[in-house]
């Protein structure tokens, strides 16, 4: 089995495509299980954030795995494959590992160096474990990636490489509303991004923070952590009134459909302007951190309202990253990338060494069986003349000879296994020379096999889009998808 990642991100797709392809937690879980229902996918986990949608997997082959993952992606997002192929990328084998480590370190994020992705990967791993779509291979890989991310942040100045999305949005508070310390800040939503928005706003000087959410307990917990207020929208508090009193609005609910629409903001502006109506209302800064978007596009055309979405924030952060890369932060980015390269090389070397273990076991078992067979023939030929003491001495001698003969090839095999160029050829030569069958040490059922054995997964897969898309057609459609480093080693 080999690691593969298929996805799209802010680097390859415009916000409109990312928005169409975005998945909530339940849909991401369903997609992972759908992928595992494919014949060539044994494990899968989906990472869905505001700037990427990726499925990490263990596959039996490049083209078969790509077909299964592509079909699951189309089924989960509802976006036709022809609309996705120009924006998809594929990383395979070594390239998939290096890409994952790069992502977890925040080096591929819209906000370079951000650490929020660590929590997102951890959550994706937990969901995969709960659902059974993550087995031993992906579990080990993702756990290693999390350690790499922590190391990169602790050993470098990566945390200071750039602003977070929230910081980028709040940086405009001075010009729009006169600064955060005097501003009334409203956070719409109470999820992970909302928690980041609350703590960041407070850290940057905001002292008047209100959290609104349909679940009162979650809003209360976030607000009380910074001495703020909370409002439950289902308790009769209108969103219009909450918006009317806010100078800065941070919206990040992740809900389907627009939470903040033009009619709501228009009504809020009228309330905010008092007797003078919306024309006399003070300016407002609205930062939309959600994907799909919380704020309707029409809101940005309302006089006095400045709306910043992920597209605007992404462009701002890209400019900042370019400036930072040319300045002192360049050393931190270089050090972080060096950690990624070192850790990826180490992980891959360990995996290749572990991959030869069945062959080593098969070789030693074969040699011991030959020695034991010869001892049995000697026992039969000599009969009583071979007493217990002499038989034990002969057996010990034979085993010493076997151990001595196998020592060098075993050590050499483990050493060469780390070299992708020659290791597999050396192992294959040993298998052929000694007619070894490492398959005798078969692993337990993979995550994919276990999921496919579950009736509900078989039923879902039978009526799911992957079964409706012929594999040959999927391969043809995906023929133009860029293949990342490590993919070239798999022949069509």
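Note that Cβ sites are derived from N, Cα and C of the backbone, with glycine treated the same way.
A TrEMBL annotation is a machine prediction, not a hand-curated record.
Remember, it's a predicted structure, so these values are computed and weren't measured experimentally.
Under 8 Å, Cβ to Cβ, and six or more positions away along its own chain, residue 50 (active site, nucleophile) finds 22, 110, 165, 193, 289, 290, 291, 310. TrEMBL lists 50 with the feature active site, nucleophile.
What TrEMBL lists as substrate binding site is 49, 50, 51, 52, 109, 114, 115, 116, 120. For residue 109 (substrate binding site), applying a Cβ distance below 8 Å and a minimum sequence separation of six or more within one chain yields 51, 103, 117.
For residue 193 (NADP(+) binding site), other Cβ atoms within 10 Å of its Cβ number 24. Look at TrEMBL and you will find 189, 190, 191, 192, 193, 194 tagged as NADP(+) binding site.
The domain 'Glutamyl-tRNA reductase N-terminal' feature in TrEMBL is assigned to 6-156.
Over the domain 'Quinate/shikimate 5-dehydrogenase/glutamyl-tRNA reductase' (173-313) the predicted model carries a mean pLDDT of 90. For 173-313, the entry in TrEMBL reads domain 'Quinate/shikimate 5-dehydrogenase/glutamyl-tRNA reductase'.
Annotation source TrEMBL lists domain 'Tetrapyrrole biosynthesis glutamyl-tRNA reductase dimerisation' at 336-436.
DSSP assigns residue 99 (site 'Important for activity') to a helix in the three-state reduction. The site 'Important for activity' annotation in TrEMBL covers 99.
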Report the same-chain neighbours of residue 194 (NADP(+) binding site): residues 6+ apart in sequence with Cβ closer than 8 Å to its Cβ, ordered by sequence.
187, 188, 211, 213, 222, 250, 252, 253
Which residue, out of the binding-site residues 49, 115, shows the minimum number of other Cβ atoms inside 10 Å of its Cβ in this structure?
115
Distance from residue 120 (substrate binding site) back to residue 191 (NADP(+) binding site), taken between C-alpha atoms, in Å:
12
Specify the secondary structure state of residue 49 (substrate binding site) as given by DSSP, simplified to three classes.
strand
Relative to the mean position of the Cβ atoms of 189, 190, 191, 192, 193, 194, the recorded NADP(+) site, which additional same-chain residues have Cβ within 8 Å?
187, 195, 196, 197, 222, 252, 253, 254
Could you check the binding-site residues 189, 191 and say which one's CB has the most other CB atoms within 10 Å?
189
